[in-house]
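Written out below as structure tokens is the structure these notes cover.
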Amino acid sequence: MSLSGFSELFFFFIVYFIADKEISKVRSKFVEKVSKPILKQLLDDLLEDRLLNDGEVESVLEDNTNKADMARCLIDIVRKKGTRGSKMLIDHIKTRDEALHAELFPDSQDQPASPTNKTWSNRLIPVSDSERTEKMNDPDIYKVSDKSLKSRVALLITNRNFTDDNLTRKGAEKDEENMLNLLRSLQYEVVKHNDLTAKDIDKALLEFTRHPKLKETDSVFVVIMSHGKRGLILGVDHKIDKPDEFPIDTIYKYLGPNKCSKLMDKPKVIIIQACRGGGHTIVSDSVVSDEASHRPASPTGGLVADSFRYVHKEKDFISLLSSTPDTVSYRREDSGSFLIQYIVEVFNTCSHKDDIDELFRKVYIFFRCLPLGHCLNCCV
């Protein structure tokens, strides 16, 4: 399935390629070329995606004595999971090691134009009549009716002000404004909350699952912006000695078919903008740049390149998670976080023609391709 044309028509999700055949063709080269660190990262990714369980991960790592055997074991387990599993592995290879992906799949789709050479729109480009007709007749996309268009609904939670003043997320109000404008341009009614504790985030999500428009909507967005740690979003009462934490997996549980049958077989886009520090350290993402130009300055390439990832968590879910552990989510007080700015610019410019997977890939390439700008002063 694919999502195409976010503008007037939100035709969603990913067309699954015959990825298991692609994986079979590159098995020998994958075994030869993949490094052990990348193997471990791929295992973590697939475990987080729930494609692999703990026992399968342990089997790959403990039942094989060398890297080549580990690689064979991993690729064979994934192949048995079918096309969806193979597609997920290919996506993770691309995210973790673009050079390896290019060597394994040289005929894959071309990279988007370098962001620095592309003109980005500050307004949503609408779907043309011809594009709309083509998509309406495409059997591989979700069908959209006038009724479902009028029933679109999104949840937006922004935590800016914390009980601990040192955790105040300056510039978060701009992120909220940017996401609010984008979602409304995509014809979503936005249910908005500010400065919630973990308990209140849980309550807001539960209330959202009972929204009367969910029965008719064709899709939903859930956007949460706060501080965070691995697998957790922090509520506004968080303190080192008194955690206020909301598990990210709860989002998938509440919006999944067992808890919210109204959203069964409907696309659910989850965007989490939350810096995540390692160990017990809370890392502030209120980084300020002295750069006054429209284009935000970029931190060091290595840090930004690993600052987020997108995952297919379960059927009909796709998630964009900002900041891996031990990295900082960069933000400017005057224009908000880089991630949200890039999402808005990419969606405005490309959503009338690209599916969601390609849009998120372009956001990722945006991070990778931006030239180094002025150095950022990291305030933690």
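Placement of Cβ uses the backbone N, Cα and C atoms for every residue, glycine included.
Here is what TrEMBL says about this protein:
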type	residues	note
DOMAIN	15-108	domain 'CARD'
DOMAIN	150-277	domain 'Caspase family p20'
ACT_SITE	His227	active site
ACT_SITE	Cys275	active site
DOMAIN	307-363	domain 'Caspase family p10'
Around the Cβ of His227 (active site), the count of other Cβ atoms that are within 10 Å: 26
Tally of DSSP helical, extended and coil residues in the domain 'CARD' (15-108): 71 helix, 0 strand, 23 coil
Model confidence over the domain 'Caspase family p20' (150-277) (mean pLDDT, whole number): 92
Three-class DSSP secondary structure - His227 (active site): strand
Summary of DSSP states over the domain 'Caspase family p20' (150-277), given as helix, strand and coil counts: 43 helix, 39 strand, 46 coil
